[in-house]
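The feature region 'Pyrophosphorylase' is assigned by Swiss-Prot to 1-236. Taken from Swiss-Prot, the feature UDP-N-acetyl-alpha-D-glucosamine binding site covers 11-14, LYS25, GLN78, 83-84, GLY146, GLU161, ASN176, ASN234, ARG339, LYS357, TYR372, ASN383. Taken from Swiss-Prot, the feature Mg(2+) binding site covers ASP109, ASN234. Annotation source Swiss-Prot lists region 'Linker' at 237-257, citing sequence analysis. What Swiss-Prot records for 258-486 is region 'N-acetyltransferase'. Summarising the annotation, Swiss-Prot assigns active site, proton acceptor to HIS369 and lists sequence analysis as the type of evidence. Taken from Swiss-Prot, the feature acetyl-CoA binding site applies to ALA386, ASN392, TYR393, ALA429, supported by sequence analysis. Marked as region 'Disordered' by Swiss-Prot: 459-486. As annotated by Swiss-Prot, compositional bias 'Low complexity' applies to 465-486.
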Amino acid sequence: MTDQNLAIVVLAAGQGTRMKSATPKLLHPLGGIPVIAHVLETARALEAAEVVAVVRHERDRLAEVIGVELPEAVIVDQDEVPGTGRAVEQAVAALPADFSGDVLVVNGDVPLLDAGTLRELIAAHRAGGSAATILSAFPAVAAGYGRIVRTSTGRLDRIVEHKDATEAERAIGEINAGIYVFGAAALRDKLAAITTDNAQGEKYITDVIGLLRESGFDVDALPVSDSWLVDGINDRAQLSEAAAKLNALTVRAWQLAGVTVQDPATTWIDVRVRLAPDVTLLPGTQLRGATAVETGATIGPDTTLLDTEVGAGATVKRTDATLAVIGAAATVGPFAYLRPGTVLGADGKIGTFVETKNAVIGAGAKLAHFNYVGDAEVGEKSNLGAGVITANYDGVNKHRTEIGSHVRVATNTVFVAPVRMGDGAYTGAGTVVRKDVPAGSLAVTVAPQRNIEGWVAQRRPGTDAARAAQRNGAAEASNAAEESGE
């Protein structure tokens, strides 16, 4: 149910220079989705009446992602006046003029912050009757953060930036997490009063807190249960730390949901992956994107699946698959490479050193080893022997190969596409199929074997091969002489 008294402001205008990247900080992937997508998902879960996202640097790229992840969000461009206070000021101006509820302000770079924590913050704010409530934290190292200084009654007195703090204030372990809930009326009033009269020439949202206290309003601070919930991401090291924490949380959640994860330290699961109970993940498994695995399947070891569907009871080991579908009870690997468009039917097999692309492989069909099958269809219960390939590319265009059901394709057969092989047909070893093969036929390409005597001695004299042939010839001559009694 929509909370008509809640508006959310997502701050996404920062440049993120410490990332040292052409990609905006908030668009770096974390758990398979952009950093800001985590914050937008949390905003959606709160069911606010209004959501406003403030952008500036790389605004078009950010706006595109925001539009996909949270289409209902209003996008506001921050102007030339810098600072978080100015960003919030412009966001509030985009709210309906008669909005009189609460405004939650959250940074776009706190992906681990969950909806439950924000609900607690909003509830505490409403219960306390304060003009503003701040989320605070007790990190292991507080250096560099603004400190929360409380009154004797426990209310927030002021926020002191680290550089301005006394020794006694620096000893305070509680810091400002940079996430706020304001009453809309008080926020509008004080935003109009903040200035850029400071060393950085910026409008700070923290100045609103100071102005509220100076005007006699109460301001509260609510500590989070774990400081990592409000950890921001400013550089690659922090991104890596957040990824590790998020993955640990994700893996544990799936374990509690009935998934066996043999080695959590080497298993990575993106946040939009879906797993059924009784799935088993072996060491070195990476499940990326929107991968979905059904009950009883075993994945790994050393397997990466991206946007891939795995059916119930399937086994996939030492495999790399992207945009593929693996049927129930199918077997894949080891050392298989499934490229986009691969569909393997139930009980099918893609075995060792097999590569497939844009290929539909029927139920019970087998590609056991050393195959390339691209732009092809293989019917049910067909079997492709070792070394079978589809030659699908003529240098300009790709062409399809169609192999019927219950077909037996012998070792080292090459299909020169476009070509079709009917149901129940066979090929002989080494066949090059250039024409369609009727159902129930045997296709063979046989040429007489020609042996050119003495070729190595003439064309490769002095080589190890020539010397070996010479020794063999001498031995054969000696044996022949003995047999003739000479």
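Glycine is no exception: its Cβ is also placed from the backbone N, Cα and C atoms.
Structural mapping of features recorded in Swiss-Prot.
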| residue | record | DSSP class |
| --- | --- | --- |
| LEU11 | UDP-N-acetyl-alpha-D-glucosamine binding site | strand |
| LYS25 | UDP-N-acetyl-alpha-D-glucosamine binding site | helix |
| GLY83 | UDP-N-acetyl-alpha-D-glucosamine binding site | coil |
| ASP109 | Mg(2+) binding site | coil |
| GLY146 | UDP-N-acetyl-alpha-D-glucosamine binding site | coil |
| ARG339 | UDP-N-acetyl-alpha-D-glucosamine binding site | coil |
| TYR372 | UDP-N-acetyl-alpha-D-glucosamine binding site | strand |
| ASN392 | acetyl-CoA binding site | coil |
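Annotation for the recorded positions LYS25, HIS369: lowest Cβ count within 10 Å of the residue's own Cβ, HIS369. Counting Cβ atoms from all protein chains shown, GLY83 (UDP-N-acetyl-alpha-D-glucosamine binding site) has 21 others lying within 10 Å of its own Cβ. ARG339 (UDP-N-acetyl-alpha-D-glucosamine binding site) sits 15 Å from ASN392 (acetyl-CoA binding site), taking the CA atoms of both as reference points. Fewest Cβ neighbours within 10 Å among the binding-site residues ALA13, ALA386, ALA429: that distinction goes to ALA429. When the binding-site residues TYR372, TYR393 are compared by the number of other C-beta atoms lying within 10 angstroms of their own C-beta, TYR393 comes out lowest. Counted over every protein chain shown, other Cβ atoms within 10 Å are most numerous around ASN392 among the binding-site residues ASN234, ASN392. On the backbone, the CA of ALA13 (UDP-N-acetyl-alpha-D-glucosamine binding site) and the CA of ALA386 (acetyl-CoA binding site) stand 56 Å apart. Of all the binding-site residues listed here (LEU11, ASP109, GLY146, ARG339), the one with the fewest other CB atoms within 10 A of its own CB is ARG339. Within the same chain, residues at least 6 positions away in sequence whose Cβ sits under 8 Å from that of ASN176 (UDP-N-acetyl-alpha-D-glucosamine binding site) are ILE134, SER136, TYR145, GLY146, ARG147, ILE148, ILE159, THR206, ALA221.
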